[in-house]
Amino acid sequence: MTCPNSSCVFEDKMCQGNKTAPANDAQLTPLVVVLSTISLVTVGLNLLVLYAVRSERKLHTVGNLYIVSLSVADLIVGVVVMPMNILYLLMSRWSLGRPLCLFWLSMDYVASTASIFSVFILCIDRYRSVQQPLKYLRYRTKTRASITILAAWFLSFLWIIPILGWRHFQPKTPEPREDKCETDFYNVTWFKVMTAIINFYLPTLLMLWFYAKIYKAVRQHCQHRELINGSFPSFSDMKMKPENLQVGAKKPGKESPWEVLKRKPKDTGGGPVLKPPSQEPKEVTSPGVFSQEKEEKDGELGKFYCFPLDTVQAQPEAEGSGRGYATINQSQNQLEMGEQGLSMPGAKEALEDQILGDSQSFSRTDSDTPAEPAPAKGKSRSESSTGLEYIKFTWKRLRSHSRQYVSGLHMNRERKAAKQLGFIMAAFIICWIPYFIFFMVIAFCESCCNQHVHMFTIWLGYINSTLNPLIYPLCNENFKKTFKKILHIRS
């Protein structure tokens with residue numbers, strides 16, 4: 001029996017320097033049962049992942065497209081590669097013909113390479129999301145992600161060229177044995193080493209570098225958020241009560257902007273009244289903040305609603321003071337999240353904290369310094385304009401800081417995604433590094449190969465396709481809830 005095929009650069013004849021006696025049926029039966037169970041579990045779990053993403057709307061995100069690509073590659077390993085490996089193990093020789101052998105080799109190389117590249121592009125996606133959250137948010141669409149995934153699979157399918165057409169490039173290549181399933185380049189050391197570097201070592205080193213950057217950025221962001229959260233009172237303490245909106249100490253003879261806005265108008269009859277709009281909540285989409293429609297569809301950012309201000313009235317001060325402010329009835333003002341809300345955990349609290357934070361940082365307007373007396377004619381227009389300008393200024397500050405909070409909310413989501421990526425990369429490296437180290441050793445020393453060790457490293461790499469579907473619900477609450485829903489498991 002020769003060593004069966006494995007991932008992108010595995011060859012049958014690698015262990016020809018150290019042959020062992022074929023195992024008998026009594027020894028093979030338990031092994032076949034275990035390996036068959038692994039194959040069935042791999043197929044079942046990856047089908048569950050694909051069905052979960054298809055059926056659950058919350059999982060229709062750009063990031064999960066890379067998960068789907070990885071699951072498809074793992075599914076091919078479980079459906080085609082593992083069973084044929086077990087069959088080859090039972091037969092001790094290849095008796096299914098050369099065409100089926102080439103099909104098996106092609107599927108093995110393509111699926112294993114696609115799995116590696118899927119983890120790689122997933123890492124790049126997480127890296128860009130963390131390093132440039134708002135800029136990449138506009139660029140990060142399902143179309144672009146799909147193109148990237150197709151490019152990764154296209155590169156993976158390039159393995160078919162040397163597998164099927166090696167003899168067209170190297171006519172003097174010896175004919176393979178009919179009882180072996182091996183590629184025509186099984187003994188070409190330079191080609192195997194080159195492909196191992198391109199397919200595994202280089203992507204792995206880049207992924208480790210990317211993840212180090214991701215970890216550093218997320219850690220700095222968390223430290224920054226702790227400083228911000230420690231600077232302002234929590235939303236639960238404030239309760240959005242009118243009396244709690246009086247922030248900051250009041251200097252003698254001066255009023256804070258919030259107190260000015262809360263002051264009831266005096267009945268002077270001079271200023272025009274802006275009639276309040278209807279009290280029905282209106283859906284708000286800010287072009288620079290929450291108007292990314294594609295992200296709403298992806299489930300990353302939801303909708304929010306604002307109840308309009310009840311009353312806005314131009315209010316003059318005492319006669320001759322020349323100062324006017326907008327008076328807003330705060331008793332009915334509310335900010336209510338929609339049914340869908342922000343899909344990210346803690347998004348609502350984060351947004352509310354930012355609003356309260358901004359309320360403390362509003363700069364004083366012309367309430368601190370008396371303005372020049374306005375002419376009697378057109379005085380009410382001037383006073384009304386002053387109030388509206390202050391409201392406009394307040395809105396601009398809220399919107400500007402909202403941009404920063406969108407970045408913060410996005411980073412919170414990416415922190416959890418980085419955790420998921422960390423587990424995926426750890427499983428990937430632990431499962432595949434033994435095989436590729438062993439491969440590099442025997443590429444230069446065929447007599448150093450041990451068949452049983454080599455067989456173990458092959459299946460350890462295969463088991464990576466079994467572990468990946470277990471990582472998704474472990475690190476993603478939406479996956480966990482969807483899996484429980486599909487399997488009818490009560491929380």
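Placed from the backbone N, Cα and C atoms, the Cβ positions cover glycine too.
The topological domain 'Extracellular' annotation in Swiss-Prot covers 1-30 (among others) and rests on a curator's inference.
Among the features that Swiss-Prot reports, N-linked glycosylation site is placed at Asn5 (among others), with the record citing sequence analysis.
Positions annotated as N-linked glycosylation site by Swiss-Prot: Asn18 (among others).
For 52-65 (among others), the entry in Swiss-Prot reads topological domain 'Cytoplasmic', with the evidence type a curator's inference. The residues of the topological domain 'Cytoplasmic' (52-65), classed with DSSP into helix (H, G, I), strand (E, B) and coil, number 11 helix, 0 strand, 3 coil.
Look at Swiss-Prot and you will find 91-98 (among others) tagged as topological domain 'Extracellular'.
Here Swiss-Prot flags Cys101-Cys181 (among others) as disulfide bond. Long-range C-beta contacts of Cys101 (disulfide bond), restricted to its own chain and to partners at least six residues apart, with a cutoff below 8 Å, comprise Trp94, Cys181.
Sequence annotations record features per position, and here Swiss-Prot assigns region 'Important for agonist binding' to 108-113 (among others).
Residues annotated as topological domain 'Cytoplasmic' in Swiss-Prot: 125-145 (among others).
Annotation comment: Swiss-Prot describes Thr141 (among others) as phosphothreonine, evidence class similarity to another entry. According to DSSP, Thr141 (phosphothreonine) is assigned to coil rather than to any helix or strand.
Taking Cβ-Cβ distances under 8 Å and a sequence gap of 6 or more within the same chain, Thr143 (phosphothreonine) has no neighbours at all. Sequence annotations record features per position, and here Swiss-Prot assigns phosphothreonine to Thr143 (among others).
Annotation source Swiss-Prot lists topological domain 'Extracellular' at 166-189 (among others).
Per Swiss-Prot, the feature topological domain 'Cytoplasmic' maps to 213-420 (among others).
The annotation phosphoserine is assigned in Swiss-Prot to Ser231 (among others) on the grounds of similarity to another entry.
Taken from Swiss-Prot, the feature region 'Disordered' covers 246-297 (among others).
Residues or ranges marked as compositional bias 'Basic and acidic residues' in Swiss-Prot: 252-262.
Positions annotated as region 'Disordered' by Swiss-Prot: 360-385 (among others).
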_Can you check which residue among the disulfide-bonded residues Cys181, Cys445, Cys448 has the largest number of Cβ atoms within 10 Å of its own?_
Cys181
_Can you work out which residues elsewhere in the same chain, 6+ from the ends of the topological domain 'Cytoplasmic' (474-491), have a Cβ less than 8 Å from its Cβ atoms?_
48-49, 51-52, 55-56, 58-59, 345, 416, 419-420, 423
*For Thr141 (phosphothreonine), just count the other CB atoms lying within 10 A of its CB, please.*
15
*asked:* Can you give me the Cα-Cα distance between Cys445 (disulfide bond) and Thr141 (phosphothreonine) in Å, rounded to a whole number?
replied: 48
*DSSP residue counts for the topological domain 'Cytoplasmic' (474-491), split into helix, strand and coil*: 12 helix, 0 strand, 6 coil
*Can you tell me the mean pLDDT for the topological domain 'Cytoplasmic' (474-491)?*
86
